[in-house]
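All remarks here apply to the structure that follows.
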Amino acid sequence: MNKRKILVTSALPYANGSIHLGHLVEYIQTDIWVRFQKMQEHEVHYVCADDAHGTPIMLRAEQEGITPRQLIDRVWHEHKTDFDGFHIGFDHYYTTDSPENQAFCEDIYRQLRAGELIAKRSVEQFYDPVKQMFLPDRYIKGECPRCHAGDQYGDSCEACGATYLPTDLISPYSAVSGARPERRTSNHYFFKLSDVRCEAFLKNWIFESIPAQPGVALETRPRLQPEAANKMNEWLSAGLVDWDISRDAPYFGFPIPRTGGKKFFYVWLDAPVGYFGSFKNYFKQNQRTQAEIDEFLRPGGNTEMVHFIGKDILYFHALFWPAMLEFSGYRTPTQIYAHGFLTVNGQKMSKSRGTFITAESYLKQGLNPEWLRYYYAAKLNDSMEDIDLSFEDFVARVNSDLVGKYVNIASRCAGFITKKFGGELTHNVSEASRKWFNQFLFCELGEGDTFLGRHMSIANFYERREYSKAIKEIMSAADVANQYVDRMKPWVLAKDSRNDRELHEVCSVALNMFRMLTVYLKPVLPKLAMEAEQFLGLDPLTWKDANSQHRLLPDGHRINDYQHLMTRIDPKQIEMLTHANKESLAPAKSQQVAQAVETMEKNSSTTPAPAKEGEAGQASASTISIEDFGKIDLRVAKILDAEHVPGADKLLKLTLDVASEQRTVFAGIKSAYDPGQLKGRLTVMVANLAPRKMKFGISEGMVLAAGDGEGPYLLSPDEGARPGMKVK
């Protein structure tokens, strides 16, 4: 097999927050593919970096009273620790705030300028007079010009999905200072993506098929997944627009040459260029020559460049990035693989539900990172579909597959080999056992008596990123191995010394099956595979070991004493994990306030008691201090949806928008409101009420309603209030 030379990247995590389980989908997906390629002895270089520039980093550093570089250095170490904890095997992890990256950015800019693909234009922007800075789109909020939802970002509406210019917002305000922004003009630099040269290049590049590489069981490969190519075609058909690549000072980033330090490269220009900066720094550290660097970064070399990204950044990677590279003298990506998002238990990750889980928290709670690597692999395919982390399925699948099927083979057979046969395996097996072994090694291919080596089928699935199919095939082989052990019953054979030859044979064959499964699973479970190699007394396994003509280990091969390889997941561990990650919008309330809220909650979910004749309302409850009242976190919420609850006489199920997330609340207002009346309405909710498990689901708060025999009457804020606002 000829060696491939591949530069592989994952999208750069932003140096302004923690790595969470959603991020890990991409890094685990990439790492599995890289490890598989390396097991085939291809030359693969997996590089990444922290995306370390931009306004959010500048502002956060200011809030913390440190410099941006102090912030990004701290976050770099946090990210690297998280990635190491999940066995993400970067060959190099760097930062975009580097001299290499700056040199690449400036060179690309100069080449595009020389090719007349940079334009200078005056643009009108919002300016914060308090902070004395132009505001990025995401730091401007206001009322959507289409649906009039409040508290929407300056570039798109999360309520109706509309996109618009920040200057289109109604009643805009600065998310940095709260001030009303001013409109000011400034000269900006644009990459002319609308140029006919860019359009012609992209139309050809996007739909171009790539010749198969040596050792890949595909005649040609598409550059993009079909759904990604279709999306690109939509954007091309709508017409390409020029891309603003500059930002005004103050800004944390690289200054644009010949602008006197007043203009900076937009973070989205220098971020993908960071792939090149990281790669060059890595090769320099390993004393590689400029010619070797150019082989990967310049056109004409027999190398590949493969990007793994989330589907939300496809526009940047499949339009701007290749066009910039093509017209600045650099090589373009060979392939771009986009993946979907992660949901947890069928819903978006949520801090209130404890499902917005950081990598650090997962590891600190003592959960095995390879449990998650395996589960993601069992769910991932080659499409851009979202994947769901169902905790119930997570526990069941890991316990069944990894412990019950894979590790179980070794634990059931190793002891007999070490105790009765000095730890030595036999190569002499009966025809019956050889048939079992062949059934393990080969899988049916279509109809009839056509068979394919299972290692070839699994390899093809790994290559195409169809990991779920690879896992299914591997577990099918594991089923054969366990059926063999169950049929031969070594624990019964061991009771009579006259069965020693057969016992030796059965346990040796089973451990050879375990060895093959270890080869298959090694890209997914690198640490477990290493421990299995040590137990089996083997050098690091490669894919050749799955393809060997001598698939049984030699006669007399010695194994080591078996050590426990993996534990089962206890469901209580998941409960502790979600509990540790639950976060209210405000600190927990006191017991006195909890009792007050409980009383309010009862009143909101039942018909209020009628007032006595002649009374305007019910008597006041016992007093509480202003400090205790302040512990109740009241927030403005927008009702996104309302629906009847089957089997409930008084409840409506409300989906609420509180700006930072969505909440589900069951409210006892069915007698007074039709669901259709409530959609789009603003109300007030208790946001830090502990989630309560009800017969119909989990209620994540409580809406406020008044009543003294009539009603209930849902409380609504005055005009101008926006979702997420705190009621004071």
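Glycine residues also receive a Cβ, built from the backbone N, Cα and C atoms like all the rest.
Small disclaimer: the values here were computed from a predicted structure and weren't measured.
Features as listed in Swiss-Prot:
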type	residues	note
BINDING	Cys144, Cys147, Cys157, Cys160	Zn(2+) binding site
MOTIF	348-352	motif ''KMSKS' region'
BINDING	Lys351	ATP binding site
REGION	585-620	region 'Disordered'
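Cβ environment of Cys160 (Zn(2+) binding site): Cys144, Arg146, Cys147, Ala149 lie under 8 Å away, each six or more residues apart in the same chain. Most other Cβ atoms within 10 A: among the binding-site residues Cys144, Cys147, that distinction falls to Cys144.
Note on the motif ''KMSKS' region' (348-352): DSSP counts are 0 helix, 0 strand, 5 coil.
Looking only at the motif ''KMSKS' region' (348-352), the predicted model's pLDDT averages out at 84. Listed in chain order, the residues near the Zn(2+) site other than Cys144, Cys147, Cys157, Cys160 are Pro145, Arg146, His148, Ala149, Gln152, Glu158, Ala159, Gly161, Ala162, each with its Cβ within 8 Å of the site Cβ centroid. With the fewest other Cβ atoms inside 10 Å of its Cβ, the least crowded of the binding-site residues Cys157, Lys351 in this structure is Lys351. Cα of Lys351 (ATP binding site) to Cα of Cys157 (Zn(2+) binding site): a distance of 22 Å.
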